[in-house]
């Protein structure tokens, strides 16, 4: 069982790295198509060698940290970010191989909440004004939307009667949940956009204001590590969305797995489409949306579910 778990975990991690590489290519091609312009198409056939070329360029460049940075923390931030990304994906192989792990929803919440520290650590260790502002923005944003995300998942746990995503997938319960409670599903997807720092909630990396936000001073392999972790968490959010709201029964059959990953791809495209379609919020509008709109609505849904289950 241990060897099976090890090779399954290794396979998942390799799949995540490969998916992140070609998710970036898909994003660039979709954004160029939506903007009526050419995307990457010079390297290999149709630009399919572009992610490999970009990775080789980043990992072979010289890494020059800022002279006044906190060197130890600065070097550790990309490693911590990648570690949290891979820990988040640990919910996939552990539960499918060992059914005894039944608290993977709580595990996902812990990893996503700890991920908020990456932005503040990178901003502080860079000793840069742009990075510091981006780090403070990211920390406040993730904490604000993490509350809404946690309460929404608590509602999912109430209705499913379990703290495991795989109980949902095995029973097929969430196949009707997303359509029956569509406002909650739409709210969840909105929160995921803010949690992943994606447009129109990408105030952490607002290039028109902060150059690149909390990762301004990172370059070469360190930037690639932060980049891989960010896009890996986006794909994980898409997978959790499918597991929680749009899952199908018999997910571990070949046809069920193909259908599940097709829905993950649809949500990944949705993340790209929102970046091309919606303008960026102001930061005060972003925080007001969390505390004055989303949080009261989530609490109202939570109270309604509690009332239904009580009576």
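Glycine too: its Cβ is placed from the backbone N, Cα and C atoms.
Residues or ranges marked as transmembrane segment in TrEMBL: 6-25 (among others).
Sequence-distant contacts of the transmembrane segment (72-93), counting only residues of its own chain at least 6 positions beyond either end whose CB sits under 8 Å from a CB of the stretch, comprise 5, 8-9, 11-13, 16, 65-66, 104, 107-108, 111-112, 114-115, 117-118, 121-122, 124-126, 165, 217-218, 221-226, 228-230, 232-233, 236, 239. For 72-93 (among others), the entry in TrEMBL reads transmembrane segment.
If you look at the transmembrane segment (105-124), the same-chain residues 6 or more away from its ends with a CB under 8 A from one of its CBs are 70, 73-74, 76-77, 80-81, 84, 87-88, 90-91, 131-139, 142-143, 146, 149-150, 153, 156-157, 163-165, 195, 204, 214-215, 218, 226, 229, 233, 240. Residues annotated as transmembrane segment in TrEMBL: 105-124 (among others).
The feature transmembrane segment is assigned by TrEMBL to 145-168 (among others).
The transmembrane segment feature in TrEMBL is assigned to 174-194 (among others).
Non-local neighbours of the transmembrane segment (223-246) in the same chain are 16-17, 19-20, 23-24, 55, 58-59, 77-79, 81-82, 84-86, 88-89, 92, 108, 112, 115, 118, 122, 153, 156, 165-166, 168-169, 174-175, 177-178, 184-185, 188-189, 192, 195-198, 215, 260, 263-264, 267-268, 271; each lies 6+ residues outside the stretch with a CB under 8 Å from one of its CB atoms. Summarising the annotation, TrEMBL assigns transmembrane segment to 223-246 (among others).
Sequence annotations record features per position, and here TrEMBL assigns transmembrane segment to 252-274 (among others). Beyond the ends of the transmembrane segment (252-274), by six or more residues, the same chain brings 23, 26-27, 30-31, 34, 96, 169, 189, 193, 196, 198-200, 234-235, 238-239, 241-242, 246 to within a C-beta distance below 8 angstroms of the stretch.
Here the transmembrane segment (286-309) has long-range neighbours at 140-141, 144-145, 147-148, 151-152, 154-155, 158-159, 181, 183-184, 187, 190-191, 194, 201, 203, meaning same-chain residues at least 6 beyond its ends whose C-beta is under 8 angstroms from one of its own. Annotated transmembrane segment per TrEMBL: 286-309 (among others), in sequence order.
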